[in-house]
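Engineer: So that we are looking at the same thing, I have put the structure below in structure tokens.
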Amino acid sequence: ARQHVFLLPEYLKDTSKKMKSGLMFVKLANPCSGEGVIYLFNMCLPQLFEIKVFKEKHHSWFINQSVQSGGLLHFATPMDPLFLLLHYLIKADKEGKYQPLDQVVVDDEFPNCILLLKLPELEKLLRHVTEDKEISNKKYYKYSKEKTLKWLEKKVSQTVAALKTSNVNVGARVQSAAFFSGSQVSRDKEDYVRYAYGLISDYIPKELSDDLSKY
Amino acid sequence: MDLSELERDNTGRCRLGSPVPAVCCKEPCALGVDEAGRGPVLGPMVYAICYCPLSRLADLEALKVADSKTLSENERQRLFAEMEKDGDYVGWALDVLSPNLISTSMLGRVKYNLNSLSHDTASGLIQFALDQGVNVTQVFVDTVGMPETYQARLQKHFPGMEVTVKAKADSLYPVVSAASICAKVARDQAVKNWQFVENLEDLDSDYGSGYPNDPKTKAWLRKHVEPVFGFPQFVRFSWSTAQAILEKEAEGVIWEDSAAEEAQEQPRKITSYFNQGLQTSSRLPHPYFQECGLEAATSL
Amino acid sequence: LLPCEVLASRPAPVQRFFTPAV
């Protein structure tokens, strides 16, 4: 059987022991490209993880007393499920009406998207990106672009802070002292925002990314 | 012969030698060079020198150190013991080249072939004797490769001596026969006491002479080939006998540089130089992910 | 993680033949 090497947060280690199929790998629509990519659900918490793979040619693994070709290294990173829910909310928005979530988050191609509905505190989360109405104890949601842009702006500034603490080099590739116009600080700030915006744009549809850029 | 250093670590090379007889530092000496184990696909190759004063060559000859090829293993051991007894005028030194050193030299990125390894080892041993103060005036070497070029190289390296490189030198010059006996005794002992770094399960040590055409040796190689790791390091991976078995029995492996070479060899289609028109709209991941070599996992 | 691609995934006597060293 194929073996995979994963870097996971420590606390996930005994999840699969605590609960059968405590960890589930599912394919869902990538919120930027729409193509199917692998995510990991920790059903105990529950919590959503993005899976990224480090892929470099000509590698293999020795795993205990076996060899595994390919040498891929998978990373599981906690991910804000709103990015995946947005994908469906925007799609549903075309109908221009308020809808219950279980009619919005449906996908013949990726039926496991309903697992998103099991994630905790969804209502709280959805307030960042939708207008909602309650009719006879049932919640109806409608995508709100301005709320979403406001939410994304917060994401960008959180990412700027994270980039600074983790010393990621965001400087424009080709830079020489001669071109330094204005104060270094303002250029830095702009570089960080541009870089963070680029990262966030990997997780939202193209047109929303363009709106965010203007915003 | 104390090969304990080799038994401790048999993945590199080890040099050992007799004490230098005092007379050899005073009187002009003849020095012979020969090797053992050049042909086998298993085990180390041993280079040896033996030297003694010109005035005692007759005594050395009297030991009947004739061409070692005609001697049995026991006779070689007895003769080696005789030479050790006559240690007041005979000195020797060895350089044991492990199969791992041979394989990694010959298969390294920068090829270091067996002839160059042999020539450098012989020169190294002659230099070793000089550094110990032996008054070497004549050197006799069994040839490896073209005698003329080898002789010219050694003569250039050791201008103050009279160098003779000849085929069959081990049956012409007693110091070369004596060196040959030292080399063979060392190789026999090393092979017999070989310490396998790989704690193999069903290891049998009945590998025959170690020569590629020996059916026992071939059977042993086929029995001990491991599809991922090849062979124990006792085997010279650079021998075509070993490579032929690996081609058949072992898994393929691709190394970055060999893949790069292959890629260069493949001629690119002329159309690949034309721009491919409008690229598909799939966006590239953010530079952060590209630089870290990270991409979304689309399958497990 | 090996700097080469072994073109197979299979049991292998790693402990016997592979001595990791820094």
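Backbone N, Cα and C atoms are what each Cβ position is placed from, and that goes for glycine too.
Heads up, TrEMBL stuff is auto-annotated, nobody curated it.
When I checked TrEMBL for this same protein, it listed these features:
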BINDING   B:ASP34, B:GLU35, B:ASP142  divalent metal cation binding site
DOMAIN    B:28-251  domain 'RNase H type-2'
Engineer: Show, in sequence order, which residues other than B:ASP34, B:GLU35, B:ASP142 on the same chain lie with their Cβ within 8 Å of the centre of the Cβ atoms of the divalent metal cation site.
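Structural biologist: Those within range, site residues removed, are B:VAL33, B:ALA36, B:ARG38, B:TYR47, B:ALA48, B:VAL141, B:VAL144, B:ALA169, B:ASP170, B:VAL176, B:ALA179, B:SER180, B:ALA183.
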Engineer: Could you list the residues of the same chain, at least six apart in sequence, whose Cβ is under 8 A from the Cβ of B:ASP34 (divalent metal cation binding site)?
Structural biologist: B:TYR47, B:ALA48, B:VAL141, B:ASP142, B:ALA169, B:ASP170, B:VAL176, B:SER177, B:ALA179, B:SER180, B:ALA183
Engineer: What does DSSP say about B:ASP34 (divalent metal cation binding site): helix, strand or coil?
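Structural biologist: In the DSSP reduction, B:ASP34 (divalent metal cation binding site) maps to strand.
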Engineer: Please report the number of other Cβ atoms within 10 Å of the Cβ of B:GLU35 (divalent metal cation binding site).
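Structural biologist: A count of 24.
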Engineer: I'm checking region-level scores; what's the whole-number mean pLDDT for the domain 'RNase H type-2' (B:28-251)?
Structural biologist: 92
